[in-house]
Amino acid sequence: MLDIKFIRSNPDVVRRAIELKGEKADLDRLLLLDEKRREMLVELEALKNKRNTESDNIARLKREGKDASELIAKMKELSDKIKDMEQELREIEEEMEKILWTIPNIPHESVPIGESDEDNVEVRRWGEPRKFDFEPKPHWEIGEALGILDFEAASRVTGSRFVFYKGLGARLERALINFMLDLHIEKHGYKEVFPPFLVHRRSMFGTGQLPKFEEDAFKVEGTDYFLIPTAEVPVTNLYRETIIDGEQLPIYHCAYSACFRQEAGAAGRDTRGLIRQHQFDKVELVKFTEPDKSYEELEKMTRDAEEVLQALGLPYRVVAICTGDLGFTASKKYDIEVWMPSYGRYVEISSCSNCEDFQARRANIRYRPKGGGKLQYVHTLNGSGVAVGRTFAAILENYQQEDGSVVVPEVLRPYMKVDVIRKEE
């Protein structure tokens, strides 16, 4: 959420951000309400001062034994007017708040201008896509043939866009989770948390999922609980309504969680395989930083996520996301896209975002600067480190052999206890 003072002072900047991100927000109405609110506050203050004066006059007349009935009647009229104005002010503030919720974060000046993912800008690549001497198969065919992925059983048990990982498939999923966590904890300095998979509405609001993306969330009927779409939600809200000692910053957290998404806008896209599931595993990275360090920390976070793919030997590219594809909460975002041979293209496997103080204002996360001074909002960052199911898919496709087996990446062998995944007899 943006500061109303910033919006008031920079309406053209905010209007441009709304336009660049393709959002709909009634900025003119907000500014009109803000002006009216400030005028009413001045008037209310004057009326309350007048009420205090009249109250003193009534008390004086009573002490002197004089008739105060006329002043008491005026006092009642004044109090009623104040009460009515306070109610109107509350209604104005509620309407302002609802409009504020619809205003997106301001894109950083370094973000490419564009309307869609076609305007995103490639920053760098790592690794060379493998040249196959046979026709590479898609990961779902490989997994089903090996008996390690079962989409048909999941469809019977739950529905479409779910999967059973079986045998060495379950072990590979678990190995990837543990490998990613170990890398981020032991090498990159993140502290692990294991969060709840259910959060309440205020937490979803704090990270910006609500109210805009409610249709994509799974809500538990009859409760205020939502299944988390990403561990970003509980981990960021770990510090909601708190004041952090500036000496503790930056704070790095990593977390494994299952993630749950309706994928409401994804009809017809990636309908087969692991790329777009209603439930999927992910290792998330979350940072809390001082404002002047957040962009440096974004670069480091992106490199941390990249290192997962480098260690696994998976070719990828990093893309700077343009304004129209940036999303509601981010000021700047990088996507990491892994090479998928059967697709013949790179597929998103991680997004790393700097939200500046946008989420911190919504969740009221502040810090006390080193050496004292006025409380400030932290900057929050989040990134996938990385999506586990998509990494599973990328390994099957990039490490597949002509006989249908899959070579296990070397760094995973201590976790897997096998070098090659073959069909179990």
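Using the three backbone atoms N, Cα and C, a Cβ is placed for every residue, glycine included.
When the candidates Glu173, Glu284, Glu290 are compared with the L-serine site entry in Swiss-Prot, which names Thr230, Ala231, Glu232, Ser384, the shared residue is Glu284. Ile349 (ATP binding site) has its Cα within 10 Å of the Cα of these binding-site residues: Ser384, taken from Thr230, Ala231, Glu232, Glu284, Ser384. Rounded to a whole number, the distance between the Cα atoms of Glu284 (L-serine binding site) and Glu348 (ATP binding site) is 15 Å.
Sequence-distant neighbours of Ala231 (L-serine binding site): residues of the same chain at least 6 apart with a C-beta under 8 Å from its C-beta are Pro195, Ala255, Tyr256, Ser257, Cys259, Lys282, Glu284, Val286. Cα proximity to Ser351 (ATP binding site) (within 10 Å) is found for the following binding-site residues from Thr230, Glu232, Ser384: Ser384. Ser384 (L-serine binding site) is 5 Å away from Ser350 (ATP binding site) when you measure Cα to Cα. Neighbours of the L-serine site: apart from Thr230, Ala231, Glu232, Glu284, Ser384, residues of the same chain with C-beta atoms within 8 angstroms of the site's C-beta centroid are Val233, Val235, Ala255, Ser257, Cys259, Lys282, Val283, Leu285, Val286, Asn382, Gly383. Nearest in space to Arg261 (ATP binding site), taking C-alpha to C-alpha distance over the binding-site residues Thr230, Glu232, Ser384, is Thr230.
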